[in-house]
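> I have a structure I would like to understand better, so I am pasting it below and will then ask my questions one at a time.
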Amino acid sequence: MAAIATAGSLSLPISLQRSCKFTSSKTGIKKGFRVYAVFGEESSLGDKKSQWGSLFDVEDPRSKVPQCKGKFLDVYQALEVARYDIQYCDWRARQDLLTIMVLHEKVVEALNPLAREFKSIGTMKKELAELQGELAQAHKQVHISEERVADALDKLAYMEELVNDKLLDYRTATESNVASCSSTSTLSSDMVKKKLHRKSLDVSGPVQPYHPRLKNFWYPIAFSTDLKDDTMIPIECFEEPWVLFRGKDGNPGCVQNTCAHRACPLHLGSVNEGRIQCPYHGWEYTTEGKCEKMPSTRLLNVKIRSLPCLEQEGMIWIWPGDDPPMATLPSLQPPSRFQIHAEIVMELPVEHGLLLDNLLDLAHAPFTHTSTFAKGWTVPSLVKFLTPASGLQGYWDPYPIDMEFRPPCMVISTIGISKPGKLEGQSTKECTTHLHQLHVCIPSSRNKTRLLYRMSLDFAPVLKHVPFMHYLWRHFAEQVLNEDLRLVIGQQERMINGANIWNLPVSYDKLGVRYRLWRKALEQGAKQLPFSKPM
């Protein structure tokens, strides 16, 4: 039985082509079993000459196989056929392998010219390492060139600062500086930076009262959708309380949030026929501040303060300064291809200049916003903000983000988001989808800011129609802002205690530095503000 089983197992290659019939009984073999020997594939690969010839130089066994096709074989004949069958399978396998190897040689020869040079893997690795070294050296040279350009721009900014100083009322104190302009080209970059920082970026100590010149701008104070005909919006602006409401004609007005009678907050009252009614004794005021109704007494000629107030492009603006307001309002609309998805208002416990410093800085993102939008960002070897010599706008390198500071307190940015989490190496123009952001930082008081945030997208318009989506947008905005606030609040505490929050600016602080220089020149009464076009 063992011999029969062995013969049966060895003849499997043949049985795949013709079935084997095997019958047995308990006492042994009565009729034997039948094996049909069939050999196919008469074609041959031919004599292949190659370096593996000795391995494949095996004789074709088919010429020696007994001619048993169609005959009934006994056990010994079956074993003999099985032996030749195995030899044939071995020969066939060698020939197939030889064919594969020959074809592989031809493919390598045709597609890989390096194979003709018989280069080893080690040689190729060595050459690759040399190329990588050359590439790293080229990158290093590029960074050196960029640093030289940055140094040149710093020198130019320093010279511009000297010119601005000359225009100020510090002629006697700055004569020596102006006289040294001709020799600034010989100053080292470090000396220029240190001098510039010492003179212009001392932001320390308690926050001083806001300068009146900072008030002579139009400030967007609220979103139009938040001010209904029967609602009021109490606000603080430059440490004074105001309240917004709509008059009889539907136009917004802004009046002092203090009743002339007993100093009651007017926003605790109601809007009655386009007038704001005090909740204490019912006195009613128009959007110009005139009291038109005094219940239970004789009407007196009383008026409370009001501010110029206009509505444009979905925002309500006020002019808190003493100078006559400018005739036109700036436009803060997103580009035409964008749709507004969220408008959010927040009250934050930080001075508005500190918040602007934070918003004008992107280099902190991979370290601060690791749980929100910058999760997964790599830390670049060099971050720069590229901008014209005189300008408050530019773009971040290596991030696809354009950014602008719009006086007096707005930050506008456009972010390419075609590769979330991997923003490096692209400009906004190369991205197909974008996020447009507007941040308005209104100085409520010396330690509080009213933030207006508007977010627009140039894709996914269906999100505007998703129920409760605005709650989700607000949740995301608060998450991002909370990551910043814990740091900015800490800065504010140390600044009040005397620390200089702009002690050592570096190259990626350029836009924040320019904001601070602009604000300082404004407060000092410069006739021509730096980084802006002549009026």
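Backbone N, Cα and C define each Cβ position, glycine as well.
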> In TrEMBL, which of 121-148, 261-288, 429-456 is tagged coiled coil?
121-148
> For the domain 'Rieske' (218-318), report the average pLDDT of the model, please.
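When the pLDDT values over the domain 'Rieske' (218-318) are averaged, the result is 97.
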> Give the residue counts of the domain 'Rieske' (218-318) per reduced DSSP state, in the order helix, strand, coil.
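Residue counts for the domain 'Rieske' (218-318) by secondary structure: 6 helix, 45 strand, 50 coil.
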